[in-house]
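> Summarising the annotation, TrEMBL assigns transmembrane segment to 5-23. Under the heading disulfide bond, TrEMBL lists CYS76-CYS406, CYS272-CYS286.
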Amino acid sequence: MVKQVVTTICFFLFHCIISYWAFMSSCSIHSSPKISIPAIARYFGTKGRYEDVNTYLIDDLLATNNSLVTLPSSKCSEIHLTAIIRHGTRYPTTKNIQKMREFYDLVVRDATGNLNCLSEIKSQWKMWYTDDMDGRLVDKGRADHRHLAQRLIKWFPSLLTEDNVRNGRVKLITSSKHRCVNSTIAFREGLMKGLSIKVELEPAVNDALMRYFDQCERFVKEVENNKSALEEVKRFNEGPEMKRVMEKMADRLDVPYASITDDSVEAAFFLCAYEFTIHDLNSPWCQLFDEVDAQVMEYAGDLKQYWKRSYGHDINSKSSCILFHDLFHRLDQVVAQINSDGVLSEAVTVQVGHAETLLPLLTLLDLFKDDIPLSSTNFATQKNRIFRSGNIVPYAANLLVVLYKCPEGIRMGARLNEKSLTLPGLADPVPMYEDVKKRYRALLEGCDQETVCKMNNS
């Protein structure tokens with residue numbers, strides 16, 4: 001009897017130990033909790049999570065993936081990093097919150113469809129977004145930047161060091177917008193935690209660099225405040241693909257077709273996207289879309305980014321000349337210091353801005369350019385397009401420019417979202433810095449901010 005009891009106890013303890021070991025081995029202090037990802041999450045565009053671009057981060061938010069990066073020879077050493085980063089996950093703007101509220105009210109008041117998700121929306125979901133949230137950074141957005149800082153320490157251990165931080169060789173620059181300032185502060189927190197130090201490191205606010213688009217008169221007048229600049233977006237929103245999405249939405253809700261507009265389906269799409277990106281919730285709003293609907297919504301968003309921030313109008317990219325020159329001036333300075341006494345004044349520069357800070361600069365560099373421009377009529381033929389804003393500028397998107405000192409001279413590497421980029425016209429993924437300057441010579445010599453942004457009143 002005693003033997004049987006002892007055996008039973010031993011078996012129980014063994015089972016507990018194995019279960020605990022299995023639990024601990026399946027968890028990580030850095031990992032995201034397992035969540036249900038909406039089937040349409042890949043189509044959220046600029047409202048998408050960084051982890052859905054780099055899916056290995058879903059299991060470990062501090063992981064780095066060396067297979068996605070091309071490095072120069074082991075004889076080379078990194079000497080400088082400039083990181084231009086989009087702010088982290090944020091709340092919707094007041095304008096979009098109002099659209100979301102109007103759609104929610106319509107659903108609660110008028111929808112009579114028999115979908116399970118509709119019943120859940122009416123009985124359980126409450127409109128919790130308030131106007132004062134207005135694009136502010138959420139907790140997830142702070143985590144985005146803390147984790148990015150810690151990963152960059154792993155990527156660049158000889159640059160992001162305690163010595164460089166303490167001696168002022170790491171600079172932080174931010175847009176004045178609260179979501180950018182708070183993202184920069186979160187990045188600093190991640191840096192301090194990753195290096196196990198506590199040092200004064202105040203970010204400098206510089207809207208001339210990080211919000212250059214506001215100060216480019218020609219862009220503001222010809223694009224920002226000119227409705228005809230987005231005519232292709234308007235035509236698509238009035239076209240057959242979007243009309244079909246609106247009709248399907250009306251059918252699902254069992255409301256008159258006239259009740260659903262392109263603003264309505266956009267609001268529903270935002271409700272799905274924000275619930276997921278902010279709270280990791282696969283909300284009932286997501287069930288109002290199938291994959292084809294989501295592809296149409298993604299294309300509408302990409303069209304807007306294309307015509308307002310990218311290749312649609314020449315001034316979109318040219319408005320970023322000031323940031324382009326700031327980058328290359330800094331790189332030239334690093335090269336000059338290396339070639340003289342080898343003492344660097346700036347090892348790392350971190351600049352935090354917006355999607356509309358990054359996208360025009362990437363366009364100026366001739367990246368993510370499709371052979372055929374995106375238009376209101378070629379949705380069907382653009383399904384394999386390169387220009388997908390969700391892959392290019394999700395929350396916490398980052399352009400990393402790295403200089404390496406090599407036996408043959410200075411080389412430059414570029415990464416977007418921690419993946420190596422090959423610059424157009426340069427076969428080598430880590431080319432000689434002088435070859436990069438030759439590739440962009442026309443911009444270096446002629447992309448003058450004052451000239452390109454000045455309105456021609458003649």
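The backbone N, Cα and C atoms fix where each Cβ goes, and this holds for glycine too.
Remember, TrEMBL labels are computer predictions, not curated facts.
Not measured: the values here are computed from a predicted model.
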> Would you count the other CB atoms within 10 A of the CB of CYS406 (disulfide bond), including those on all shown protein chains?
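A count of 16.
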> Using other CB atoms within 10 angstroms as the count, which residue among the disulfide-bonded residues CYS272, CYS286 scores least?
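Each of the disulfide-bonded residues CYS272, CYS286 was scored by Cβ atoms within 10 Å; lowest is CYS286.
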> Sorry to bug you, but what's the C-alpha spacing from CYS76 (disulfide bond) to CYS286 (disulfide bond), rounded to the closest Å?
48
> Under 8 Å between C-beta atoms and at least six apart in sequence, can you list the same-chain neighbours of CYS76 (disulfide bond), or say none if there are none?
TYR404, LYS405, CYS406, PRO407, ARG411
